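A.B. asks: Starting off with a structure, shown below.
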Amino acid sequence: MALTPMMQQYLDIKKQHPNTILFFRLGDFYEMFFEDAKLASQELEITLTGRDAGEPERVPMCGVPFHAADSYISKLIEKGYKVAICEQVEDPKVTKGIVKREVIRVITPGTLMDGSMLSEKDNNYLVAISQTSSNNCGMAVADLSTGLFQVTEMEGHWSLESLLDEILRLTPREVLLTPDLKKHEKTVQAFNFLPSTVFTTLEETQQVSDYIELLNNQFGQKVSAVYKDRPAVCMAAGILLQYLINTQKRQLNHITEITAYSPRAYMMLDGIARRNLEISKSLRDGDKRGTLLWVLDATKTAMGGRMLKNWLEQPLIDTLKIQERLDAVEELVNSILLREEISGALKQIYDLERLAARAAYGSANGRDMIALRGSLEKLPFIHDALAAVSSTRLKRIYTEFNTLSDLRKVLDLALAENPPVSLRDGGLIKDGFDQEVDQLRNAARDGKTWLAGLEAREKENTGIKNLKVGFNKVFGYYLEVTRANLSMVPEYYQRRQTLANAERFITPELKEYESMILGAEDRLVELEYNLFVAIRAKVAAEVSSIQKTAALLSEIDALVSLAEVAVRNGFVRPEVTDNGIIEIKDGRHPVVENTQGLGGFVPNDTYLDIKEERLCLITGPNMGGKSTYQRQVALIVLMAQVGSFVPAQRARIGIVDRIFARVGASDDLTSGQSTFMVEMYETKQIIDHATAKSLVIIDELGRGTSNLEGMAIAQSVIEFLHDEVGCRTLFSTHYHELAELEGLLRGLKNYATAVKEQGDEVVFLRKVVRSKASKSYGVHCARLAGLPTSIIRRASELVMQLEFHQRAAQEVVAGKTQIAAASEQLAMFTPQEDQVKEEILALNLTNMTPLESLNFLDNLQKRLREMQ
């Protein structure tokens, strides 16, 4: 049995788009068939039906109304699917046979344009990566919704790893991969870190020369001149652009610039540090609340919010650029009038980047254009407010600022005040803009007046008081009479439609005027549409200028946000230097103090340099505030290099090239790694990549293995960071014995979180002081957690016994290190074992290496177990 022509057409189109859900336009619905229908009905929770298609059995089918399709498409995209939109490209009224249909666009997670599918203050990144035979890696990044198109390149042994760190920073919605990269170990790690990202593997790629030609066509010959010797970059950029062209099936006129950047021009933050410092996503649920961005984001526009987020994820390392930003923030802090004038205008500005992109893309509707016009009206106010600024960056913004006054005038003259959403419903063009529009509009209005008069006359002539004139798209204009009054209908009424409780009629006079009215309305709608498209094209021609102005507005918005937050929270301007000193007086954690309420947070001092005090070893009880303090220092440094004021009484920040934050650990179930393996992997990242200019924070290293091994590893890492790397480090530990290292490592200083004991009660003061801890107070924490009294009492008894054995076991380990081989939790010796004690006392420690010492202790441990 042969398929119907329509179903054959569907299958032919589906064959060209195999990895998508095909939305196939049939009248007022988008229909899906076969496996697409089964999948869509399940994911969208809509009814699965069937359709006769010329096969023995009805084929599975489901559908959604075309006017409500966006919400259904959004749900599918959110779940990681791709949707191909297949439209009727011929008018069914004038077409004989089957209507021609084509896929006009493929919507993927990385190619969204509709504002309802996008997060306002987040970029929607699409990324492509490539790797050459020389192991150089290229990456291209696009945000179709804004027109952004950037490229970067990584070289050397760590190129792919560095590139994947950059992908983690971007958190793209979609990543394009070549087949060889899909199976690479580092790429698989990215899969685990980015569960919401769709990874699309390309079946085939072209030659670099073909991609260069494609890029030249989009961006001009400068691509050949600038990137011809960078094949990895050209490959990634070409893959990305080709994918956009293939999916969008139109000119990408809003993508006008290709810009290169280097991640090394910014502070480097790997995925571990970003996660642990909670810069833009909280550890608890991945939300913005509870993050540094949540505290600092007082932006008024969506594009300003996106820029501020990018600043936080790419802190500066150039002192001059940081000072420029700080100067601008300081000027805004000191001028409440300037802040209020700018903020007031910014509140009324829409997302210019995305509005301009939609105009150039050809998808902007009347309301988009009204939003654009309203936004442009506020630009002169911002420009005037900046006229008297003195800081270098704000002055430059003022000089470069384009108010786009000519474009604003065009939109003001042309656009109606309240246009409909649809471009085919008329009402787009303002009265007085076009003579023909005015004439047709008057004809339509006169027709409506005539219809009202006809209704009044017919009521009088027939005596039917509830007679009314109506209209629908199928039958046109009609006279409606209820059944109770049908006996009063005159003979010249011609029946047009029968309803349950009424009849609809037409008269020769009404038929004549209907042709005139509808003809005028149809011509008016078509003319308004064409005029609107022409006006939209004028906006598209100015897309580059709009994008530049939008970038300046974004920067102003981000700077004003930093100033407002600084005033609200009592932040101060940091002194940023290149001398390597980090000195903070009364520093506060910016997020914690906002969740606790201002004034409730206990401030702490910090001092680190690159010589005498480069490693702070912090001991103290759990819940004492060690982790909060470490994160606090890292966030203050990061904020300073963003160009933000900081939560402190005073701060001097020596530039940091990278921040590493190994804080806390848990099993990684997705990769099958234990807590200890996660710790070791994260520590290896620090060992491999930290430099003398880095800031390292390590919290509680050595958990997940025995106390002996954990302490040995912790000490080894401390020694390596101190001796080999020389970076500034905050190292917190529950191994209090490591405090003995202070006299042996020149740049190590002991700090502890202060505790106040009141009888059996303990008060955590949250104060970091120059000292070393003597107790862990774990039993007290257990009491606070609500463990049963019997367990608390028994634990206290055991602690007393174990502390006695610990004192008996303490010994000195050779060379520059001193360490206690026994832990609080493990009793290795008893007073009765005289022979063991004699061996310990007889040790010649000066001639033993640390490894020999540990082997000796291991041997003792085995012997003692045998004695039990």
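Backbone N, Cα and C atoms are what each Cβ position is placed from, and that goes for glycine too.
So Swiss-Prot lists these for the protein:
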- Gly620, Pro621, Asn622, Met623, Gly624, Gly625, Lys626, Ser627: ATP binding site (BINDING)
A.B. asks: If you draw a 10 Å sphere on the Cβ of Asn622 (ATP binding site), how many other Cβ atoms land inside?
C.D. replies: 18
A.B. asks: Residues near the ATP site, Gly620, Pro621, Asn622, Met623, Gly624, Gly625, Lys626, Ser627 excluded, by Cβ within 8 Å of the Cβ center?
C.D. replies: Ser732, Thr753, Phe764
A.B. asks: Translate the DSSP assignment of Gly620 (ATP binding site) into the three-state scheme.
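C.D. replies: Assignment for Gly620 (ATP binding site) reads coil.
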A.B. asks: Highest Cβ count within 10 Å among the binding-site residues Pro621, Gly625, Lys626, Ser627: which residue is it?
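C.D. replies: Ranked by Cβ atoms within 10 Å, first place goes to Lys626.
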A.B. asks: In the structure shown, which of the binding-site residues Gly620, Gly624 has the fewest other Cβ atoms within 10 Å?
C.D. replies: Gly624
A.B. asks: Around the C-beta of Met623 (ATP binding site), how many further C-beta atoms are within 10 angstroms, looking at every protein chain?
C.D. replies: 19
